[in-house]
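Here's the structure, in structure tokens; my notes come after.
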Amino acid sequence: MDGYWFAALVPVLTLFLLVLLGRLKTTWSAAVTLATALVLALTVFAAPVDTVATAAAKGLWLGTWILCVVVPALLLYRLAHAAGMDRLGETFTRFLPRRTDRLLLLAWIFPSFVQGVAGFGTPIAVCAPLLLMLGYDKVRAVVLPLVGYHWSVTFGSMGSSFYMASLTAGFSGSSQDTLALEAGVMLAVNAIVAGLLVLLIDGGLRQLRRGWLLLVTAGAAMAGTLVVVATAVPAIASLAAGTAGLLVLTGKRLVETRRTRATVPDSDDADTPDTSDADSHQESPAAAVTPAASATVLAPYGFLLLVVLPVFLTPPIRDFVRERFELAPSFGRTVTDRGWVNEPVDHYLPIPLLGHPGFYILLACLLGWITYRVVGLWRGVDTGHVVRSWLSAVAGSAPTTLMLGTLAMVLVDSGMVTTLADGIADTAGSAYPVFSPVVGALGSFMTGSSTSSNALFAALQAEVAGRVGVEPELLVAAQATGANVGNSIAPVIILIGATAVGALDRVGQITRRALLPMTVLLAVVIGGVVVQASVF
């Protein structure tokens, strides 16, 4: 490792430490890190002004892409909250009496299901407010699904991250099948570990004793489904796994209902969430509303599934909405004086107007709002106040999101990210397979996207595999799996969750709470790489 490697590490450490310590607001942390990266890019890494300007433009577009998810997701939550979502806690408890069932559903199973069709933080934006509704404090409402859903990213979003890794590495046919199998096995193990960690974070061994049955049954179903479907149709593996988990939970609840024939849950298992560390200003839920009213209040979330699933599970429709009515800038070739080249891009990170997750969230908002007005739930609601609170939340998160996007692309286009990865590969030598997931995690941590991480490093992983005598499929699988872990602790993804629950001032707390479980999950991935390298 030379001086360039240490220079490239400076922005990564700066952002990580500033966010982790929480002394500055996230916006200022992003601004300080971006300024540091710009200075290093222009000086140490000899990037001309036009190269840095192009990188900044790419980053602003990346931030805009993410905001197209964040902005409608915030509106979705504000509408549901105004219609009475905060009163649904007791009703939800009536349908799922066991706290562990509710927790595993909203922090583990359902966000993974949502990730199957809509990524880029959408599962966190959807599920964190639902956990908040149940009485979880804002920090845990974000941390729990971050930990719980991470395993579904590679084969989520209709397999976009997986295919990016496979195609960038030059795999096809049997090589792609091998990649799917090896990545699927490691992610299947992580799926079960993620559920375990969710229970431990919530209530330690006590919650684990209460939730072990659903953990084992749903975990086995989701893990097995993920591996089987990934080797056959990678694009729907996470969706199928999430569906399997939902079916297991539904079956478990039906069996319990038939067995007990009781409407009052056992007091030992059905306690409400411990809100001792919740916000002091949080009000206790009002009296439970009727099942029909509950379904109506949650109508926007139901509409989201109803409009998304038919579109993205029907290949001709999915291809149509993704390939037409796109907004996408083009960027020319840029270089640095150190020889780093960024090839021209004709359609950079397209925003398909009919295929972007934000479009369907916005459509769900419209349908939900119409439903509220028709059934009378919007009567007495100050629409102006709802809009103002929504715009205030958007204004609080937009600058940070745009700066983090700009930071990511300055690091990429100046060659800093690849310099870090190359340094790790050169130094590790034959021990590199142990570090390969770390490279994937680093890429997604900085860019906020496992797809971007795979685009950056999948080819590098395949090349290094040849040097150290390891199957390239294994290291690319390690890359993709490690990227999943890094994605869930990426500042931009955490920001999405924090914004959704009104916790922009707690990004540092969320990061600190998520750091240990993510370290455990990364260690599990490393263990999986070592085992598979020994076996195969």
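Cβ atoms here come from the backbone N, Cα and C positions, even for glycine.
Note that the structure is predicted; figures quoted are calculated from it, not measured.
Taken from TrEMBL, the feature compositional bias 'Acidic residues' covers 266-277.
Residues or ranges marked as region 'Disordered' in TrEMBL: 259-286.
Residues 28-30, 32-33, 36-37, 40, 44-45, 407, 411, 415-417, 419-420, 423, 442, 445-446, 491, 507-508, 511-512, 515 of the same chain, all 6+ positions outside the transmembrane segment (6-21), place their C-beta atoms under 8 angstroms from a C-beta of that stretch. Annotated transmembrane segment per TrEMBL: 6-21 (among others), in sequence order.
Within the chain, the transmembrane segment (28-47) has long-range Cβ neighbours (under 8 A, six or more residues past its boundaries) at 3-4, 7-8, 10-11, 14-15, 18-19, 55, 336-338, 340, 399-400, 403-404, 406-407, 410-411, 413-416, 419, 491. TrEMBL lists 28-47 (among others) with the feature transmembrane segment.
Annotation comment: TrEMBL describes 59-77 (among others) as transmembrane segment.
For the transmembrane segment (103-136), the list of distant contacts is 65-66, 69-70, 73-74, 76-77, 80-81, 85-86, 88-89, 92-93, 96, 142, 144-149, 151-153, 155-158, 160-161, 191, 194-195, 198-199, 202, 207, 211, 214-215, 218, 222, 236, 238-243, 245-246, 249, 272-273, 275, 278, 282, 285, 301, 304, 308-309, 312-313, 357, 360-361, 448-449, 492-493, 496-497, 499-501: same-chain residues at least six beyond its ends, Cβ to Cβ under 8 Å. Annotation source TrEMBL lists transmembrane segment at 103-136 (among others).
Feature annotation from TrEMBL assigns transmembrane segment to 148-167 (among others).
Per TrEMBL, transmembrane segment is recorded for 179-201 (among others). Panel annotation: around the transmembrane segment (179-201), residues 100, 103-104, 107-108, 112, 140, 143-144, 147-152, 154-155, 162, 165-166, 169, 171, 207-208, 211, 215, 218-220, 222-224, 226-227, 230-231, 234, 237, 241, 473-474, 476-478, 480-481, 484-485, 513, 517, 520-521, 524-525, 528-529, 532 of the same chain, lying at least six beyond its termini, place a Cβ under 8 Å from a Cβ of the stretch.
The transmembrane segment annotation in TrEMBL covers 221-249 (among others).
Taken from TrEMBL, the feature transmembrane segment applies to 292-313 (among others).
Marked as transmembrane segment by TrEMBL: 358-378 (among others).
Here the transmembrane segment (390-412) has long-range neighbours at 8, 11-12, 15, 26-27, 30-31, 33-34, 37-38, 41, 52, 55-56, 58-67, 70-71, 74-75, 78, 418, 446-448, 452, 456, 491-492, 495-496, 498-499, 502, 504, meaning same-chain residues at least 6 beyond its ends whose C-beta is under 8 angstroms from one of its own. According to TrEMBL, the transmembrane segment annotation covers 390-412 (among others).
The list of residues near the transmembrane segment (489-507) in space but at least 6 beyond its ends in sequence, with Cβ under 8 angstroms from a Cβ of it, reads 15, 19, 22, 25-26, 29-30, 66, 69-70, 73-74, 77, 121, 124-125, 128-129, 132, 138-139, 141-142, 145-146, 393, 396-397, 400-401, 404-405, 408, 444-449, 514-515, 518. Residues annotated as transmembrane segment in TrEMBL: 489-507 (among others).
Within the same chain, residues 20, 143, 146-147, 150, 182, 185-186, 189-190, 193-194, 197, 201, 433-434, 436-438, 441, 470, 474-475, 477-478, 481-482, 485-486, 488-489, 494 sit at least 6 positions outside the transmembrane segment (514-535) and bring their C-beta atoms closer than 8 Å to a C-beta of that stretch. As annotated by TrEMBL, transmembrane segment applies to 514-535 (among others).
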